[in-house]
Amino acid sequence: MEVDSVFFTDRSGRGSSNPLLDQLPSYQSLLYRRKSSTAGTKRRNSSRGRLGSSGSGKWGVSTVSRQEEKHKGQTEQKPIQELAKPMAEKRRHNTQRMAEARELSSWSQLRQRTRRNLRRLKEDGQEWLSSMKLWRGDIHLIEGMFGTGILSYFSFLRFLVMLNLIIFLLMFSFVMLPIIIAPHASGNITYNLNDGGACTNYPSSARRGLVIFHEHITDLLSGGGFLEQTYLFYGYYKVDKIHFPNITYNLPLAYLLVTVAYLFLSLIWIVKRSATGFKRSLVQDEDRFQSFCNKIFAGWDFCITNENAAKLKRSSLLYELRTDLEEERIKQKIADRTRKEKCRIYLIRLILNLFVIGVLAGCFYSIYIATIFSQEAQVDKIKENFIVDLIYEYLPSIVITLANFITPLLFSVIINYEDYSPAFEIRFTLMRCVFMRLTSIGVLLFTLWSQITTCDDGPCTCGYNELLYSCWETRVGQEMYKLTIFDFIIIVAVTIFVEFPRKLIVKHCDCGLAKWWGQQEFAIPQNVLEIVYGQTICWIGTFYSPMLPAICTIKYFFIFYIKKVSLVNNCRPATRPFRASSSNFFFLAVLLIGLALACLPVSVSVAQINCSHACGPFVNYNTSWEVLPTTVSQLPETARRFLFGLSSEAFAVSFFVVTCLAMFYMIALAGAHKRVIKQLREQLATEGRDKHFLIQKLCQAQMSLPIKSPVSKSQPRSSRSGSGRSPSYHTSFSNNFDEGVFLAHPHPDSSTHV
């Protein structure tokens, strides 16, 4: 008869359960969950539950053996240097592999050598590509000095540089390059000619005669004058077709498809990069005890090599622990609130949120008024002097920048009176700042379009206000260009005229005000919001200004070095930590919101607003989207039917149903994985409680042992084992159980010592 690992046989040979193991927390939980089962089912389930806790038995052995075989197979496939083993075991393993390889056939040895060489070639290629990464050394230096939290910001900045470079290469390859190479490749360019009507009049903005030097600076900063009718803006591309010797290039179709392509590429790239963080957020545990353990035992960043950064990391870990304790205190405080206190705090939050809404409404109205005033000043060509002209040009940008500077300070003060937890305070303040920054761009575009689509004397004959905006796409592109330039100027000015003098004052002045002011903090969320704001402008403006991605690439390239110098010399890491594991997903989530906001105005301008008849590639169409059905109608019958089938309602409904099923499947799969992870964590916690229980009983047994003299240790073994039962075992749990209770599994008559 096979003896179970938990049960033992009594004197009569019958199986009997161990009362000590029946008191394990895991077994009690199992009985509680299955108390409605029959007695036999309870017995089987309890046996299996105890079997899982002890890790032995027939099923446990088979499971362990399967896991060992799987682990052994994976170990054999890995290279020797990747095995987590001591050097002696690695040498033994290598000798064993070589002996096994000599026993293989020639064909198997050739395949093994080929596989090994291909793996080495792949590793060398990956190492070479890693060495070619932009700013690799600088990012490693930042990681060593300030840890992975600040590293995530600079990695995010590098990602945006590469993204904008790819977008520019798309626009350059399919829109600009055909126009450039056409005269050199025997290509004939067909332009969209003006018919002399009111809608096709596009006066030149180039300055004539004697031009003062500061006017060139104004044109350079505003995008007007000599820059307006260049490759920089939409209005320059008046090409309809380019006829090469063997092919006809449709530039309007290419312009539209590249616009769709760069938005779709950005979406795919962002989703791919954020997948890892999203998976981590799905299985994120809410248990505060695990959070404490992670911070204490796994919270240190071993990439830090700088002493000051190590001190800051220590203080940030201390801050995190205090924050977690504060959150526990606030949760307890929330649970103990009376109805009167709840009504009071909800009333305060309602009043403060109404105040926040009022502040946002005031900012948006200020942007609306500033945009109208700036556009009227430019249309009326009001000229005062160089400074005033620049203020007129940049008035919307100035108002947006002031709103983005003032509102976060106001939000950080208001949030202190709303009585939220510290972690929720940070997230809620950031979401308010994100809403403010991104919505301000939407208000600017709404103001522009309200002027573009509205005429003073009723409906517009051209579909847009041709008197004020003969080429409205170029005007929108100029506004996006000015926002980009002004955003870069503000970043540089703040670094030079605010952060650097502040560092000097704090370092060389010992007054109390300087100490209270303190050194500038490198706030990661605020810096990320700055570049997300700039990237959203880039996505919107690329349709109206095809060269804008190149400008943003250069802008972010310089911002990297500006922020690096400022971080090393002027700033210190924030006292409120921002971990890299959560920050990467947060950055990409905010960037995804900016992309969604950018797609909305571009889609409206492409599909709804009449395109300009005086400039651009879509002169022959009412809207930019019309070029697509017009081109499809000129295709062969088979291709046309196929594309019409793809755009039909039947295909759309079928695709939507299949997508929903796939989405529901993935959601169910993610939920199942999350439940499994939760069960595994519960099992780990239960086993921890079991160990704690057994150790507690063992300590009680040791405390209840009779004190023996040292002479007893030298007694013969036969004299100690002659008694029928071990006295030490009998006295281990005499206070809690009968004499038939044993801690281990041997027969009760055997000698057992603790």
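Glycine too: its Cβ is placed from the backbone N, Cα and C atoms.
According to TrEMBL, the compositional bias 'Polar residues' annotation covers 14-29.
Annotation comment: TrEMBL describes 32-47 as compositional bias 'Basic residues'.
If you look up TrEMBL, you'll see 66-75 marked as compositional bias 'Basic and acidic residues'.
Here TrEMBL flags 708-728 as compositional bias 'Low complexity'.
Summarising the annotation, TrEMBL assigns domain 'TMC' to 471-581.
Among the features that TrEMBL reports, region 'Disordered' is placed at 1-91 (among others).
Look at TrEMBL and you will find 708-730 (among others) tagged as region 'Disordered'.
Long-range contacts of the transmembrane segment (159-181) within the same chain, counting only residues at least 6 positions beyond its ends with a Cβ under 8 Å from a Cβ of the stretch, are 134, 187, 189, 231, 237, 239, 242, 249, 251, 254-255, 257-258, 261-262, 265-266, 269, 273, 531, 535, 538, 542, 546-547, 549-550, 552-553, 556-557, 560. TrEMBL lists 159-181 (among others) with the feature transmembrane segment.
Same-chain residues lying 6+ beyond the ends of the transmembrane segment (253-271) with a Cβ under 8 Å from its Cβ atoms: 163, 166-167, 170-171, 174-175, 178, 237, 539, 542-543, 549, 588, 591-592, 595, 598-599, 602, 606, 617-618, 624-625, 627-628, 631. Here TrEMBL flags 253-271 (among others) as transmembrane segment.
Per TrEMBL, the feature transmembrane segment maps to 346-374 (among others).
Outside the transmembrane segment (394-417), and at least 6 residues removed from its termini, the chain residues within Cβ reach (under 8 Å) are 221-222, 348, 352, 355-356, 359-360, 363, 366-367, 370-371, 373-374, 377, 425, 428-429, 432-433, 436-437, 440-441, 444, 479, 482-483, 486-487, 490, 526, 533. What TrEMBL lists as transmembrane segment is 394-417 (among others).
Residues annotated as transmembrane segment in TrEMBL: 429-449 (among others).
If you look up TrEMBL, you'll see 480-498 (among others) marked as transmembrane segment. Non-local neighbours of the transmembrane segment (480-498) in the same chain are 221-223, 232-233, 393-394, 396-398, 400-401, 441, 444, 520, 530, 533-534, 537-538, 540-541, 544-545, 548, 551-552, 555, 558-559, 562-563, 565-566, 570; each lies 6+ residues outside the stretch with a CB under 8 Å from one of its CB atoms.
TrEMBL lists 585-604 (among others) with the feature transmembrane segment. If one looks beyond the transmembrane segment (585-604) by at least 6 residues along the same chain, the residues whose Cβ comes under 8 Å of a Cβ in the stretch are 152-153, 156, 259, 263, 266-267, 270-271, 273-274, 276-278, 280-281, 430, 434, 438, 441-442, 445, 449, 525, 528-529, 532-533, 535-536, 539-540, 543.
According to TrEMBL, the transmembrane segment annotation covers 650-672 (among others).
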In the same chain, who gets a Cβ under 8 Å from the transmembrane segment (429-449) while lying at least 6 residues past its ends?
356, 360, 363-364, 367-368, 371-372, 375, 396, 400, 403-404, 407-408, 411-412, 415, 472, 475-476, 479, 483, 525-526, 529, 532-533, 536-537, 540, 586, 590, 593-594, 597, 600-601, 604-605, 609
Long-range Cβ neighbours of the transmembrane segment (346-374) (under 8 Å; 6 or more residues past either end):
392-393, 395-396, 398-400, 403, 407, 410-411, 414, 417-419, 432, 435-436, 439-440, 443-444, 446-448, 451
Within the domain 'TMC' (471-581), what mean pLDDT does the predicted structure show?
84
